[in-house]
């Protein structure tokens, strides 16, 4: 009996319209990656397990999809391990490869493997799928694309400035005005932990602080206390809960708080330079804000931290993020390579554009012209015309059989074709073809030997 | 100790230049897929195992990459199976998903799952990677792209005509003149087996015949005899070994041979119509040939069979192939959906274009302009200029630090940048920037407030 087909949970089929819309976003992102001087690389979908395992923490390791060895994989398991019946000790014996979990670790591996071919500073972008064995839920998938741009081998803060401009350029081009680019600096967070005397609890402190927007001041403080941060320390951190005014004013408040911390003041100076340069150059449609509660991926970032919020009124988590990390490639033996990078959240950007109705209407059209089929002889003439239109770059098609006109028009309707061509016996005799504008219902005749007028009209649309 | 990183055998990293060249091919293929009215879909990288297993024969099943279940996978194996220590009975208990092996079975699954949303005839294209646990060798990889276009739900031979035109359009656009599109028909092969009295040995007969080019007439006949095809039968098939003359003449020879076979004559009529229509419409740079030895994927195809050979003088297997199949979706419960499709061999096309030096030179350039960095103050002015050039769509970059000029020029050289901008103190004072044409060595000055002239010059290049 035939199977009733399905796809694995957390994965998706993309229909033609969905592919067109996703490509619209990807194309826009790639275009700006390239104008900003980034170069594309691609890495394999699966890596050797030891490249990936141990890089994302225990939770990450659990979420990595492992590929079963081919052939008689069981024969490679020694008897002691086999008789343990323990999944976590058997897994490494029967799998050697795993699907990539993000694009960052493969990129680090790439830089180290190809360091002799690379000219630093190396600006690379990468737009490829990643896989995570996470519990699927609304907006969270087991296969999804990441769109990353990173620079390695450049310490200059101009890189940070460029990434702010890059976010602005992409979102403006997508028609998504009013995004907020939030900026923070890991050194500022370290400085805060230092001045309040909670260095050893930096991670707990920032994880709690990061929730300020969601759970409010009281609950954040409760969490800090619960994690062992003293009431005195929390009191010293009070200015963080009251930051207000312009960006410049907020920076001044930070300076007051951090004046005794060398690392903290270095962080403030970096923020200052980035904010000043961006302000001087101007942004098109995004707003740059200081956000000292921003701490994403703390153990990873060493300098600037970015996150982008959708325009106000759209309920959506961050649509982009990134930051500077000082030792990405160290895990693979290449020391002292500073990097900074950002990522675009394709799926969330898609949802935001959909919600705000910002996809160009053309996305819904996969065909410019459909030529109806009036029979064997007319069909050949039609194919000749369609061939010529395709030669002019139009997306043109011939209905494959001379079935009832009604059925052919219905197909044209369903495919949302703006123009339908009628090429029957009488048109052929007169050396013409009739074009029906499906939106307006108007019909126009064109000469079969002069397609320019029609082609121009379609392209202008 | 840090790991020395590597990637799994049979997989590849793609450098920026390689990605650019691959994208050049993919973009060209997609462009023509779209002008021919095909619509893109995408399916997940992994499918449920039962969607894939049993669809490619025993050998295929062996080559499918299986994904280990997450969590405590061993606990799902019953004691009897576990104690068997048999890889092939244990595998189905610990894996539920597998990486796709081709794009055809996932497409069939897609059509069946989405049949109520699809308007037939459905012309879809799909360009995605597939994975096979094959022994890697020169030109054969464990991860590679397939570029497929198929029409389902249309019986008309106009589809076959279009696919010949599509091959011609793509290869012509890639600059690859002189390809040979070989055409055959499964019905002709069936007819031959019928008239020589070897229906039950059709597969053996065609598999042997398919090798004519490679091993010659004598060896093909030896193989046929070894497979149990009688000497009498082989003698009757003699005309196949002597086919010559124009396509029309060859068709006549086929008609003589197949006159008593209904299915054979139907195949000849189909070939006749396709060849005649294509000839009438004309091809740009490809040659269409009849090849009765062509039998690829025989058990699969039911009508036309296509294969494309690289231009003469280039040693390379087929760079494309396809055909008509009459019951693709039957395996998933949707009967009577006729399909016809073709595939482009990306990796081989890449090698051919490389061998014939047909990649545009622009592929080697990832940047149009590099602006040198003369220091903090000049750097800001430079970033302003670079920002403006990016706004005009140029791929522009600023060297991130004001290091020695020699080093900056060396970087420009390595990145193969055609234009380098010098914006030092004196240029800024005069409201100008200096452009060095790296190929000619010439320097030209432009006004900082009028970028059009420079932008136009770069774009014209």
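We number each residue from 1, going along the chain as drawn.
Yeah, the Cβs are placed from backbone N, Cα and C, and that goes for glycine too.
Because TrEMBL annotations are produced automatically, they should be read as predictions rather than curated entries.
Record check: TrEMBL places B:102, B:103, B:104, B:146, B:150, B:296, B:300, B:301 at the L-histidine site, and the matching candidate among B:132, B:135, B:140 is B:132. Same-chain residues at least 6 positions away in sequence with a Cβ under 8 Å from that of residue B:104 (L-histidine binding site) are, in sequence order, B:148, B:150, B:328, B:341. DSSP assigns residue B:104 (L-histidine binding site) to a helix in the three-state reduction. For residue B:102 (L-histidine binding site), the Cβ neighbour count at a 10 Å cut-off comes to 17, with all displayed protein chains included. In the structure as shown, the Cβ atom of residue B:301 (L-histidine binding site) sits within 10 Å of 22 other Cβ atoms. With B:102, B:103, B:104, B:132, B:146, B:150, B:296, B:300, B:301 listed as the residues that bind L-histidine, the site has a largest C-alpha separation of 22 Å.
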